[in-house]
Each structure stands twice: as C-alpha cells, then as structure tokens.
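For reference, Swiss-Prot has these:
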- 33: active site (ACT_SITE)
- 7, 9, 11, 34: Ca(2+) binding site (BINDING)
- 8-30: disulfide bond (DISULFID)
- 29-68: disulfide bond (DISULFID)
- 36-61: disulfide bond (DISULFID)
- 59-96: disulfide bond (DISULFID)
- 16: N-linked glycosylation site (CARBOHYD)
C-alpha cells in the first residue's frame, strides 16, 4: 500500500473496514473502490471474461473513484491523490464493465 494509507495499492493493511491511514480522505476513496463490483483477472462474471492481467472494475465505480480522488485536497494528501489518479487511470487503464438489466 501507499505510504499514509491502508487501502491504496495492492491489497490493504487495515485491521477492519473503519481503519484508515493518515491520509484518511484519500484512503476512504481507495477503500470504497476496493469494495466495488469487479471481475478478477481470468474470471468470468455476467457473461464477461476478464482476459487482462488485472482486476476489471465496474465503470460506475471507476467514475466514482476518479471523482473522489479529484475531491481530495491538501498539500500532501492532494498530491498523493493526484499521483494515484494519474498512475491508476493513466498507466493502469485496464478498462471497465457496465451491467445493464434487460429491458
């Protein structure tokens, strides 16, 4: 995980759901994202197979995560959120999926 957080990065170091790191606003964004609907690499769900190397997230969760990161401010925490946003959405770019009910 990233310094100052318990939820940002691969896995988490939190002892429970309410356990947040020093950058609590940023950590809250990551915690919510970690609990989003997803399809793990190599898994199939909703008739979709994730053939990528990384977990594929629900598109609504990705949009919410991106906005949450944008809403984090402060000289250190804001820069950390900006860095995560640029790395995650700029380099990671695994795509996302939408679930729609049949009409």
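Just so you know, glycine gets a Cβ as well, placed from its N, Cα and C.
Shown here: features listed in Swiss-Prot, placed on the structure.
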residue : record              : DSSP (3 states)
7       : Ca(2+) binding site : coil
30      : disulfide bond      : helix
36      : disulfide bond      : coil
59      : disulfide bond      : helix
68      : disulfide bond      : helix
96      : disulfide bond      : strand
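Checking Cα-Cα distances from the residue listed as 'N-linked glycosylation site' against the recorded positions (9, 33, 34) with a 10 Å cut-off leaves nothing; none qualify. The two recorded residues, residue 68 (disulfide bond) and residue 11 (Ca(2+) binding site), show a Cα separation of 19 Å. Taking Cα separation as the measure, residue 29 (disulfide bond) is nearest to 7 of the binding-site residues 7, 9, 11. Straight-line distance linking the Cα atoms of residue 36 (disulfide bond) and residue 9 (Ca(2+) binding site), rounded to a whole number, equals 15 Å.
Cβ proximity to the Ca(2+) site centre (mean Cβ of 7, 9, 11, 34, cutoff 8 Å) flags the following additional same-chain residues: 1, 5, 6, 8, 10, 12, 13, 30, 31.
Looking at 29, 68, the disulfide-bonded residues in this record, the fewest other C-beta atoms within 10 angstroms of the C-beta turn up around 68. Taking all protein chains in view, 5 other C-beta atoms sit within 10 angstroms of the C-beta of residue 16 (N-linked glycosylation site). For the pair residue 11 (Ca(2+) binding site) and residue 30 (disulfide bond), the C-alpha distance works out to 10 angstrom. If you take the Cα of residue 96 (disulfide bond) and the Cα of residue 34 (Ca(2+) binding site), they are about 14 angstrom apart, rounded to a whole number. Between the CA atoms of residue 61 (disulfide bond) and residue 33 (active site) there is a gap of 6 Å, rounded to the nearest whole number. Rounded to a whole value, the Cα-Cα separation of residue 59 (disulfide bond) and residue 33 (active site) is 11 Å. Within the same chain, residues at least 6 positions away in sequence whose Cβ sits under 8 Å from that of residue 34 (Ca(2+) binding site) are 7, 12.
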